[in-house]
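K.L.:
I am attaching a structure below and will ask some questions about it afterwards.
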Amino acid sequence: MKYRDLRDFIAALEARGELTRVTAEVDPYLEITEICDRTLRAGGPALLFENVKGHAMPLLGNLFGTPERVALGMGQDSTAALREVGELLAFLKEPEPPKGFRDAWEKLPIFKQAMSMGPKTLRKAPCQEVILEGDDVDLDRLPIQHCWPGDVAPLVTWSLVVTKGPNKTRQNLGIYRQQKLGKNRLIMRWLSHRGGALDFQEWQSAHPGEPFPVAVALGADPATILGAVTPVPDNLSEYAFAGLLRGSRTELVKCGHADLEVPASSEIVLEGYIYPDDTAPEGPYGDHTGYYNEVETFPVFTVERITHRRDPIYHSTYTGRPPDEPAILGLALNEVFVPILRKQFPEIVDFYLPPEGCSYRMAVVTMKKQYPGHAKRVMMGVWSFLRQFMYTKFVIVLDDDVDARNWEDVIWAITTRMDPARDTVMVENTPIDYLDFASPTAGLGSKMGLDATTKWAGETQREWGTPIVMDEAVKRRVDERWGEYGIATPPPPPRHSPPSDERGHDDV
């Protein structure tokens, strides 16, 4: 199912029993965070808080609190169907030349659809039904969450930040948190390598002393929101990808203050500028690591115009120790990443980002090993192929007889197939998340690769053990006769068996 806007998605979730309207008064200071956190951990519904203390505007939380709702937001019926999204992205990222006329004819609709999904600009838009300027600009109108006791101030989240570099033909769409400083001032926390920060740096070089235009869209349609966090190929804009997910072109409208365009169906839009040398210390804030981050200085965004729909809905979230909403997003996007990685590395069988690893700091990969040293090639590929894994600190590579998503399997393979000195790869002075205070230098640290695959000739001098596997006929007989044994507990599943084509080093 496709959704025109956020309200369409809310209605669909409510019809499925996936959204609860909370009519009791709730406090945006800490209470909403605790409610959303408990609900998310229980796999509960999206929450529409209709009576937020001190505010007339409702707040939407826990929208993407389950992988299934992420899939629905991307227009898919199940998380398994997200593999199809990944296959589409893999094809668009590196399209293969057609093998013949018939192949070219079959691929033509995909290209035509992708090329026809560029956004279209409207003259009037729902997000501009109400316009506030001058003294009417007041961020206190928004029920901005104060998420954790140690947070310095309320924090704007789920904001789609729209920027455009002076030499760019296409806008950048990024999600950056913003600390509330006053009625019209927010701190724009973007790291130096992110698209918005790069646009700002280019603007400062090309237009020194001039204010940098910025727009922030809150409450866009789910396809546009999720398009901003998906590894979209560089030759495809986030808006075009959102159109592919939605099945219709993304509708935009021009801002009143700057040459920027925002999603027309957004609930709320903030327009303004970053003025030269206007910075402020940001934080501390509770973050996805489960810790409060350090205080750092970032540019200040001055809001000069607020537009919104009639009766707008404020979309919000929180971040904390996993599981949180970003961790759930990462879990769902696992399915998108697999086909993209397999396009470059066909030997990869599965790829998993454990949510307890802060969604991206650890990756578990299973592969069909084909030669000595193959596992090390794959781990290097994970670090280098997609920029989303630039901050991944640990990569564990396993044979395909191991379930990457089962820690019992993974730990068994690590402890039985690894020699720490031989099979550990350490890489120093690599890019690391600035929020990772475990690294010795902010933004720079080390990475570890663990080769937990079966070792082949050339990797070991020893005879490699043969895995213990029960006879299949015996397992079937026990399944059939379990009720005769008089054992009260239900039969456990049989032990996982390695594939029949698994080869040890003696088979080389």
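Using N, Cα and C of the backbone, Cβ positions are placed for all residues, glycine too.
For D287, the entry in Swiss-Prot reads active site, proton donor. The Mn(2+) binding site annotation in Swiss-Prot covers N172, E238. Swiss-Prot lists I175, Y176, R177, R189, W190, L191, R194, G195 with the feature prenylated FMN binding site. The compositional bias 'Basic and acidic residues' feature in Swiss-Prot is assigned to 498-508. If you look up Swiss-Prot, you'll see 483-508 marked as region 'Disordered'.
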K.L.:
Do me a favour and check the Cα-Cα span between R194 (prenylated FMN binding site) and N172 (Mn(2+) binding site); whole Å is fine.
P.N.:
10
K.L.:
Which of the three DSSP-derived classes (helix, strand, coil) applies to N172 (Mn(2+) binding site)?
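P.N.:
The three-state answer is strand.
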K.L.:
Can you count the other CB atoms that lie within 10 A of the CB of the residue listed as 'active site, proton donor'?
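P.N.:
21, counting other Cβ atoms within 10 Å of the residue listed as 'active site, proton donor'.
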K.L.:
To the nearest Å, how far is the Cα of R189 (prenylated FMN binding site) from the Cα of E238 (Mn(2+) binding site)?
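P.N.:
Roughly 20 Å, rounded to the nearest whole number.
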K.L.:
State the three-class DSSP label for L191 (prenylated FMN binding site), counting H, G and I as helix, E and B as strand, and everything else as coil.
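P.N.:
Going by the DSSP assignment, L191 (prenylated FMN binding site) belongs to neither helix nor strand, so it counts as coil.
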K.L.:
Which one is it, among the recorded positions N172, E238, D287, that lies nearest to G195 (prenylated FMN binding site) by Cα separation?
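P.N.:
Considering only the listed recorded positions, the nearest one is N172.
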K.L.:
Between W190 (prenylated FMN binding site) and E238 (Mn(2+) binding site), what is the CA-CA distance rounded to a whole number of Å?
P.N.:
18
K.L.:
If you draw a 10 Å sphere around the Cβ of R194 (prenylated FMN binding site), how many other Cβ atoms fall inside it, taking every protein chain shown into account?
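P.N.:
So the number of other Cβ atoms within 10 Å of R194 (prenylated FMN binding site) is 17.
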K.L.:
If one looks at the chain holding I175 (prenylated FMN binding site), which residues at least 6 apart in sequence have a CB under 8 angstroms from its CB?
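P.N.:
In sequence order, W158, S159, L160, V161, A228, V229 meet the Cβ cut-off.
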